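Student: Okay, here's the structure, questions in a sec.
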Amino acid sequence: MTQANNTVYTDLSVDDLVKEALQRGEGVLADTGALVVETGHRTGRSPADRFIVDEPSTSAAIAWGPINRKFPADKFDALWDRVEAFNNAQDHFVSYVHVGAAEEHYLPVKMTTQTAWQNLFGRCLFINPAQYNPAGRDEWQVLNVANFECVPERDGTNSDGCVIINFAQKKVLIAGMRYAGEMKKAMFSVQNFLLPAADVLPMHCAANIGEAGDVTLFFGLSGTGKTTLSADESRYLIGDDEHGWGEGVVFNIEGGCYAKCIDLSEKNEPVIWKAIKHGAVLENVVLDGNQHADYADVSLTQNSRAAYPLEHVAKRSEKNLGGEPNAVIFLTCDLTGVLPPVSILNNEQAAYHFLSGYTALVGSTEMGSGGGIKSTFSTCFGAPFFPRPAGEYAELLIKRIKGFDSKVYLVNTGWTGGGYGVGKRFSIPTTRGVIAAIQSGALIGAETEHLDIINLDVPKAVPSVETELLNPRNTWADKAAYDTAAKGLAGLFIENFKKFDVSDAIKAAGPQL
């Protein structure tokens, strides 16, 4: 379709999107065939530039604050028109995709991007249906115009870029953002608001299935191991980041994966390694003189990424869904070296740690956090993406866990034997051993040891994991230093949890001083 002197490219094939991106100088090819692009000064999400339109139909249901920032409806309309006019004056790309693999819960989305590579990214991460919108639902629009520059004084934005969600109009406006992760997380936020009304728990988690049909969920912030640990050659991948849990089903909200690439190796992450080929997008990955990706080079960012469709994963769930989970794993990257490699949680502890979302920002996906790592609490293991009050998601989680009798575990992928800079990080093989034990059922009914202060129960033995690692105090040379660190971490948990209005049973399930 042609408008004035420009062309609208609609539903191009992957091959054609790659060709357009190369012809327009948007990226180059790696030796694997993946398209390599740079995103400029924004190499992660920009949470200070994310807004939700404040309008009557949803205003009372949203937890407004520093994460969910209000944007005036009239300002949104003016800015949408301005960005759309800017985009319509030049070539752009349109694809029709779905968000949500379950037939009852998909959203039809018209995705419009200024660049070919961001359209390819959307085709990697969203679902490319055999038939678009068979149920005839109202369509969502994503308008992503990377080279538009917002003017805060005129547009009401925080900077030269913005991400704005309008639930009433079913629109997502992304302007001035070359980092493509904003697009997937915006639609995740949309589903995170909509799904609870349908009695579905939206989750920032990965999911996979065993040969026997058993499903495991991996909750966790970026860098804690969701993508790596769920990409298991012995199991079928459902997805690596965004899922819904309804009665009888866990389904992927997406159709692809968005893997961190820092220090990626074929040995430790063979599934991801093999998926980075023609049709995949590498963001902010440095190539050597032979067009070979140097995943150890962090000169552009520690948050280098690979986007690829699930079709690039040989062993996957064909329909992007599975049954309810036998095992629910909360991944935490503990910088203090206090938490054990695995703890077995009861329902109240599950609610406590889900609401707390304790972990570290590791090679953070957020702008302004720098390359360093620091401890953080992120409610629901994904606070930036959940528009409703946290308690609503926690109630749904407990309802689902009780309904299916799912077993819940807290797994530390962080430090042992001392805090960051003193101890060492658990190796991926060690953590994989913990995960394998959980998935085999070996920890159900296992004999446990109670850890005071942090108030957790740890198994006394885990197949293929060194027994001395299981009680973290034993891994510290200075036991008194461990006790001091444990009290310090408990204090952080207690202070963070003061903001939650929950039952005494849930409050008592956390660390105690």
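The backbone N, Cα and C atoms fix where each Cβ goes, glycine too.
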Student: Given that Swiss-Prot lists Tyr179, Lys185, Arg305 as binding substrate, which residue among Arg45, Arg425, Arg432 does it place in the same site?
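Tutor: According to Swiss-Prot, the candidate sharing the substrate site with Tyr179, Lys185, Arg305 is Arg45.
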Student: Near Lys226 (ATP binding site), which residues of its chain come within a Cβ-Cβ distance under 8 Å, counting only those 6 or more away in sequence?
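Tutor: Listed in sequence order, they are Cys205, Ala206, Phe218, Phe219, Gly220, Asp240, Asp241, Leu331.
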Student: Write out, in the order they occur in the sequence, the residues of the chain not among Lys185, His204, Asp241 that have a C-beta within 8 Å of the mean position of the C-beta atoms of the recorded Mn(2+) site.
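Tutor: Not counting the recorded site residues, we get Lys184, Phe188, Glu242, Gly382, Phe385.
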Student: I'm trying to understand the geometry here, so how far is the Cα atom of His204 (Mn(2+) binding site) from the Cα atom of Arg45 (substrate binding site), in Å to the nearest whole number?
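Tutor: Counting only the Cα atoms, the answer is 16 Å.
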Student: Quick one: pull the CA-CA distance for Thr228 (ATP binding site) versus Arg305 (substrate binding site), whole Å only.
Tutor: 13
Student: If one measures from the C-alpha of Lys185 (substrate binding site) to the C-alpha of Ser222 (ATP binding site), what distance in angstrom results, rounded to a whole number?
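Tutor: About 12 Å separates the two Cα atoms.
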